Amino acid sequence: DQNCDIGNITSQCEMQHQNCDDANGCNTIIEECKTSMVERCQNQEFESASGSTTLGPQ
């Protein structure tokens with residue numbers, strides 16, 4: 001059960017990329033990180049809503 005709170009996701013992505021030295025690209029990288037994490041969260045919520053008991057792709 002991941003923390004799908006957007007503030008949580010933002011801080012996780014910023015921590016992951018805190019050593020990023022591409023001044024122009026870091027924000028883009030962080031945005032992409034947030035987007036993919038949000039999508040993963042939504043997919044997990046969808047799977048649990050459909051009553052699936054298996055984790056991950058089969």
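Even glycines carry a Cβ here, placed using N, Cα and C.
Recorded disulfide link (Swiss-Prot): C4 to C41, out of the candidates C33, C41.
A straight line from the CA of C33 (disulfide bond) to the CA of N8 (N-linked glycosylation site) spans 12 Å. Secondary structure at C33 (disulfide bond), taken from DSSP and collapsed to helix, strand or coil, is helix.
For N8 (N-linked glycosylation site), the nearest neighbour among the listed disulfide-bonded residues (C20, C26, C41), judged by C-alpha distance, is C41.
Recorded residues C41 (disulfide bond) and C26 (disulfide bond) have their alpha carbons 22 Å apart, per Cα-Cα distance.
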